[in-house]
Amino acid sequence: MKTLRDILYNAGIRAVHGNTDITVNALCIDSRAIRPGDAFIAVKGVHVDGHQYIDKAIEQGAAAIICETLPEQLSGNTVFVQVENSAQASGVIAGNFYDNPSHKLQLVGVTGTNGKTTIATLLFRLFTRLGYHCGLLSTVQNQIGDNVIPSTHTTPDPVSLNALLARMADEGCLYAFMEVSSHAIHQQRIAGLKFAGGIFSNITHDHLDYHKTFDEYIRVKKAFFDQLPATAFALTNLDDKRGMVMLQNTKAKKATYSLRTLADFKGKILENNLTGLIMQINETEVHFRLIGEFNAYNLLAVYGAAILLGSDKAAVLRALSDIQGAEGRFDYIVSAHDQIIAIVDYAHTPDALKNVLATIKNLRKGHEQVITVVGCGGDRDTTKRPVMADVAAELSDRVILTSDNPRSEDPAAIIHEMEAGVPVHLKKRVLSITDRKEAIKTAVSLAGKEDIILVAGKGHEKYQEIKGVKHPFDDKQVLQDVMKLMDK
Ligand SMILES: CC(=O)N[C@H]1[C@@H](OP(=O)(O)OP(=O)(O)OC[C@H]2O[C@@H](n3ccc(=O)[nH]c3=O)[C@H](O)[C@@H]2O)O[C@H](CO)[C@@H](O)[C@@H]1O[C@H](C)C(=O)N[C@@H](C)C(=O)N[C@H](CCC(=O)O)C(=O)O
Ligand SMILES: Nc1ncnc2c1ncn2[C@@H]1O[C@H](COP(=O)(O)OP(=O)(O)OP(=O)(O)O)[C@@H](O)[C@H]1O
Ligand SMILES: N[C@H](CCC[C@H](N)C(=O)O)C(=O)O
Ligand SMILES: [Mg+2]
């Protein structure tokens with residue numbers, strides 16, 4: 001059991017009212033989940049200010065309140081701690097509460113618009129194969145060894161995050177690999193963590209609903225590298241225009257990877273087809289199971305990080321060569337009769353969609369049609385909608401615009417915004433079908449022998465979120481069922 005005094009270390013305290021020698025049962029950032037004896041941390045959020053719920057937290061039995069602004073009345077037995085910044089403090093306090101698990105692990109964070117899940121998952125699988133007990137925090141799932149724990153966020157809130165890292169440390173993990181989203185950096189979900197390394201994949205258009213401008217999005221991503229300690233490594237993609245910008249102010253040991261120019265970890269693609277990639281990495285030729293140039297970048301990042309963590313080159317390449325990509329990323333099935341290749345991919349940004357379609361173009365022998373089914377999520381960056389429809393229309397023979405996770409929005413209105421991006425001369429390639437299952441059925445019915453279908457945007461997701469309800473939906477399962485039903 002920890003006392004309030006124990007967990008306040010380094011939290012940026014301005015004032016304390018009451019006795020901090022009380023035990024704290026649990027930490028909580030949400031008043032709705034408070035139980036007697038907990039400490040409530042009031043955080044200013046995107047929608048509301050957690051300070052509004054201090055009274056509610058006390059009513060529910062909070063023993064301590066940690067906040068930026070003290071209420072006018074400091075009630076009864078509750079201890080009040082005023083801090084400089086409660087978002088930052090919540091990370092530090094959560095670390096203290098769970099005995100700073102990030103200090104006991106070799107924790108590697110991956111940031112960038114696309115590729116985080118792939119890189120973190122490959123690292124987890126690689127180090128597991130190399131014989132280590134490892135942890136993973138990712139969009140698809142969290143994992144401690146073989147134990148899979150469902151994930152709610154790409155990067156969890158600081159309390160859940162430190163609780164998960166503590167489980168990893170307690171269960172003997174040596175390495176932990178995690179995705180670091182730009183939301184998490186901005187909301188300080190990673191405050192107080194000690195990283196052994198940071199990896200930058202790339203930065204392209206996404207999340208402008210949240211960050212407002214691309215410059216601000218870059219600034220936020222860079223803040224992750226600015227915070228890394230001198231003991232960590234900072235590994236960046238030299239082929240991304242902002243690759244070096246990320247490392248400008250870092251104290252960490254800088255390292256680079258590239259397919260185009262001289263770098264610490266230099267790769268060259270020798271072959272790229274449906275069976276995988278043959279690459280030369282720092283003079284060694286290796287075959288990988290992953291497909292596409294974008295995955296060559298992910299593999300280089302993984303290789304580089306593994307070497308920077310002290311692994312043996314030959315052992316890393318041997319193990320990496322046999323590893324599969326993350327679920328729902330260029331995940332394909334081939335139909336029994338017509339040999340239609342149906343690919344499910346999590347491309348939900350213009351750049352990801354462009355890369356996947358460019359990879360598909362490369363795989364074509366010549367005559368096959370490419371049919372793309374794609375939608376855009378609701379309550380997310382609206383400016384990517386027309387751009388993604390344009391990319392799909394430019395790089396496919398047929399496009400079916402459909403619904404993704406509409407969330408609180410009207411799916412037909414989202415599709416309408418996508419349609420606006422299709423150039424007039426390409427309109428005839430494009431159909432709109434709001435029902436995602438109908439859209440997939442139509443794609444399959446349009447597909448002839450050896451044609452290629454891409455169903456983009458939802459990857460591993462097993463649901464479709466409509467007005468707050470998650471309805472079961474699995475792109476890969478739907479594709480399989482429909483192809484069987486149509487005897488394709
Ligand atoms: C927009 C956004 O990022 N929101 C995140 C944020 O919540 P918020 O700022 O909206 O919270 P709020 O509703 O304003 O409330 C502020 C505070 O008051 C508290 N509160 C609120 C109501 C109440 O009755 N009592 C109470 O105590 C809340 O717990 C919170 O601490 O902080 C919460 C706790 O960490 C997150 O769960 C929440 O994620 C929401 C659910 C979300 O959908 N986030 C997405 C956009 C997201 O984070 N995505 C990224 C990456 C996406 C990618 O992979 O590219 C991710 O890392 O998952
Ligand atoms: N290095 C890369 N560069 C560009 N596109 C990529 C790269 N890696 C993967 N992609 C594309 O982006 C999609 C998402 O990949 P992944 O899930 O690894 O990214 P992510 O950064 O974790 O995404 P999210 O922000 O949703 O968590 C893939 O399905 C693929 O289409
Ligand atoms: N984690 C990302 C991925 C979105 C995937 C897409 N299916 C959508 O729902 O928009 C987000 O929350 O923006
Ligand atoms: Mg991810």
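Each residue, glycine too, has its Cβ placed from N, Cα and C.
Over in TrEMBL, the protein carries these features:
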DOMAIN    24-98  domain 'Mur ligase N-terminal catalytic'
DOMAIN    110-306  domain 'Mur ligase central'
BINDING   GLY112, THR113, ASN114, GLY115, LYS116, THR117, THR118  ATP binding site
MOD_RES   LYS221  N6-carboxylysine
DOMAIN    328-459  domain 'Mur ligase C-terminal'
BINDING   ARG380, ASP404, ASN405, PRO406, ARG407, GLY457, GLU461  meso-2,6-diaminopimelate binding site
MOTIF     404-407  motif 'Meso-diaminopimelate recognition motif'
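This view paints the features noted in TrEMBL onto the structure.
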residue: GLY112; record: ATP binding site; DSSP class: coil
residue: THR118; record: ATP binding site; DSSP class: helix
residue: ASP404; record: meso-2,6-diaminopimelate binding site; DSSP class: coil
residue: GLY457; record: meso-2,6-diaminopimelate binding site; DSSP class: coil
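Residues 348, 374-380, 414, 436, 457-458, 461, 463-468 of the same chain sit 6 or more residues outside the motif 'Meso-diaminopimelate recognition motif' (404-407) yet have a Cβ under 8 Å from a Cβ within it. Sequence-ordered, the extra residues of this chain that approach the ATP site, with Cβ no more than 8 Å from the Cβ center of GLY112, THR113, ASN114, GLY115, LYS116, THR117, THR118, are VAL110, ILE119, GLU179, SER201, ASN202, ASN298. In the three-state DSSP scheme, ARG380 (meso-2,6-diaminopimelate binding site) falls into the coil class.
For the recorded positions LYS221, ARG380, ASN405, a Cα to Cα distance of within 10 angstroms from THR118 (ATP binding site) holds for none.
Of all the binding-site residues listed here (THR113, ASN114, THR117, ASN405), the one with the fewest other CB atoms within 10 A of its own CB is THR113. Using a 10 Å Cβ-Cβ cutoff, ASP404 (meso-2,6-diaminopimelate binding site) registers 23 neighbours. Ranked by CA distance from THR113 (ATP binding site), the recorded positions LYS221, ARG380, PRO406, GLY457, GLU461 have LYS221 at the top as the closest.
Around THR118 (ATP binding site), a 10 Å sphere centred on its CB holds 27 further CB atoms from the protein chains shown. The number of other CB atoms found within 10 A of the CB of LYS116 (ATP binding site), across every protein chain shown, is 26. Only THR117, of the recorded positions GLY112, THR117, LYS221, ASN405, place a Cβ under 6 Å from an atom of ligand 4. Selection of the binding-site residues ASN114, THR118, ASP404 by a Cβ distance under 6 Å from ligand 2 yields, in sequence order, ASN114, THR118. Ranked by Cα separation from GLY112 (ATP binding site), the binding-site residues ASP404, ASN405, PRO406, GLY457 are led by GLY457. For LYS221 (N6-carboxylysine), the same-chain residues lying six or more positions away in sequence with a CB closer than 8 A to its CB are THR111, GLY112, SER182, ILE185, PHE200, ILE203, ARG242, MET246.
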